[in-house]
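*Asks:* Below you will find the structure I want to go over with you.
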Amino acid sequence: MRHTTKLVALAATVALVVAGCAKKEEPGGAAASDELCADKSGAGPKIGLAYDIGGRGDKSFNDLAAAGVKKALDDLDATCEEAEAAQEEPDSAKEERLRTLAEAGFNPIIGVGFVYTEEVVKVAKEYPDVKFAVVDGFGEGPNVTNLVFSVEQGSFLVGVAAGLKTKTKKVGFIGGVRGPIIDPFAAGYKAGVAAVDPAITVDMKWLSDKGDAKAFANPAGGKTAATALYDAGSDVVFHASGLSGGGLFDVAATKPDGTWAIGVDADQYQTATPEQQKRILTSSLKKVDVAVFDYVKAFKDGTTKAGFDLYDIKRDGVGYSTSGGHLDDVSSKIDEYKAKLVSGELTAPSKL
Amino acid sequence: MGKLDLRRIGLALAAPVLAIVVALVITCLILLAAGSSVSGFLSTIFSAPAERNVINILNNASILYLSGLAAAIGFRMNLFNIGVEGQYQVAVFTAAVFAAQGWLPGPVNVVVSIVLAMVVGAVWASIAGVLKVTRGVSEVISTIMLNAIAGSLTAYLLRKVGVSTGSNLATEEIPQDSWVPGIPLLPGAPNELLGLALLAVLAGIGYAVLLNRLKFGFNLRATGTSASAAVASGIDVRRMVVVSLMISGSIAGLIGLPLLFGSSHSYGTTFQAGIGFAGIAVALLGRNNPVGIAFGALLFSYLAEQSNLLEINARVSPDIVAISQGVIVLAVVIAYEVVRRYRNALEQRQVAAQLSSSAPAEATSEATR
């Protein structure tokens, strides 16, 4: 009996502690990781942002979306709220995230990543007065806009840059996962290299069989692949593998002059270390920030269109970066190819 | 006697309740350390879920329950089947490809696909079983390896047979007449209970009957308790290992089916992963008991659903919920051990008390003899 009392006493203590720590809250409840959406004073659009796993901090895709929203906060007096997917969550959790944002009065709501496509289509039907956008999406609905990019065109141009810069007549490519997400990068790159000189070989390395952490959050794997490619004679390597590309830049930084790495999505020169910057030739740009900002602006003006909103080379929605000035000697030639892509004289393939 | 039974029930409930309370306290401390709002966390977690959330909780719980059962069968036999993850992926992929062909009409297609998924899951699990009994390979190692192989194999085959829509790569869609309609459980919710969630109920009943009513279940539990004693009483332990892993694998084969036939209608790159690992935790939480596992599945599903609101309503990172789920599992293991020791001590004292009260009488009767 004595022990039962002890057990009850323990339980009571624990309950008190719970109650105690419930009360001990700082006023306002400072959020853990939120700075982007902290200011709630704007009178413009209330943007709901739903990220895939990883969210902000990838120095690429998600950060670009956040940069677009940041611009909207500054220029359009917008406010925002962010939510991020959990590891291996059910699809219903994505739906629920979108519904929660819609219920909380956010409009427009932007799903960052194609994984939100089906969920956005479903939830958009339930909230016909809310506008939805999906970056890289492919969904249909009267209030759904897909922000899509001709990444093969940007990759074509960095392929041209690689073709013009290579001395060994051999260049490399590191892809996160084979399939519809990364194939356009690889295909465009390959075509761009071949456009300069069909005799140049392109070696390809793939990090994973599926679009998981091994593909897109695997700098160690990127390092191994980059080492293998450089050792096999490539002197320019382009990656389309999210955070795994950090491994490529690390390896490139240790290589001699004349060895190059090419970044993806964002201008990765801007976020690299000084040693890496010496080796980052260019980046294949995918201007998610521009697309997100344009979309919010269109929302504010009441001119959003359902369907596909294509950001291609004509609109300057994709392209290549010139930070660091490593391309100064060849940029006029690359721009010739760019003009041909714009005019339609050349087309970049999106399938391998 | 009545009092004793009450105490027994109290003790049975003490462990999980203790575990949850301890986990909550630890989570509170983590939130304080992270500088997040504790009251926001608690009020969001304990807010009454809306109707649509209730449906989500039930759907996800049914899937977790199947996964928990699959793991639990191995555990009862002292086999640590980590391979539920790989088994369900191979199985649901096969079922998705088969069902999409539409060789069979409507419901027959569904039934045959279910059987096929169970067979594939069983065959995949049997590899680990055969390796164990013929070559002594630990099932922990082999099932982990088989998970990696299953993941890569399905990804490779998906590239061969899949069709891409936008950036998604998936198997062909199952013909509409083979879709399993949802059950509109709550009229106010925009979503429905997955039709094949009922598989979880059937599997739960099957599990209870198998373990408690059939000779096979007795053999299985006996082998799990003491393999050498089982051999002595004439049980073919090697056969038991392979067969119980196959049963575990066949239930694992069911995991992906409610989603496949009720919601996604195809297996693609975004098909939910990780259910197999969550099932291990759920089985642990439920102490391999069919009712306990249901409780564990509901709790995990409830936490996951509520955590979704946390980031938006309380600005707490969803990682915190993942942490508290992990803490719950650890706390459960510890709490059960604490309660078990307490119960043992209690029983020992009772027996001692009974003995000491009857001992003087025995002593006198012996002295007179």
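Yeah, the Cβs are placed from backbone N, Cα and C, and that goes for glycine too.
Annotation comment: TrEMBL describes B:12-34, B:54-75, B:87-104, B:110-131, B:140-158, B:193-211, B:241-261, B:273-300, B:320-339 as transmembrane segment.
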*Asks:* Given the cut-off of 8 Å on Cβ pairs that are 6 or more apart in sequence, determine whether the transmembrane segment (B:12-34) and the transmembrane segment (B:110-131) share at least 3 such pairs.
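*Replies:* By the criterion, they do not touch.
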*Asks:* Looking only at residues six or more beyond either end of the transmembrane segment (B:273-300), which have a C-beta under 8 A from one in the stretch?
*Replies:* 16, 20, 57, 61-72, 75-76, 82-89, 147, 204-205, 207-208, 211, 252, 255-256, 325-326, 328-329, 332-333, 336
*Asks:* Select the range from B:54-75, B:87-104, B:140-158 that forms the most Cβ-Cβ pairs under 8 Å with the transmembrane segment (B:110-131).
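*Replies:* Top-ranked stretch among B:54-75, B:87-104, B:140-158: B:87-104.
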*Asks:* Hey, which bits of the same chain come close to the transmembrane segment (B:193-211), Cβ under 8 Å, at least six residues off its ends?
*Replies:* 55, 58-59, 61-63, 65-66, 69, 72-73, 76, 114, 180-185, 217, 220-221, 247, 251, 254, 257-259, 261-263, 290, 293-294
*Asks:* If we skip the immediate neighbours and take only residues 6+ beyond the ends of the transmembrane segment (B:87-104), which ones have a Cβ under 8 Å from one of its Cβ atoms?
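*Replies:* Residues packing against the transmembrane segment (B:87-104) from afar: 67, 70, 110, 112-114, 116-118, 120-121, 124-125, 146, 150-151, 153-154, 157-158, 161, 171-175, 178, 248-249, 252-257, 259-261, 266-267, 271, 273, 275-276.
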*Asks:* Cβ under 8 Å to the transmembrane segment (B:140-158), counting only same-chain residues 6 or more beyond its ends: which ones?
*Replies:* 80-83, 85-87, 89-90, 93, 124-125, 127-128, 131-132, 169-171, 267-269, 276
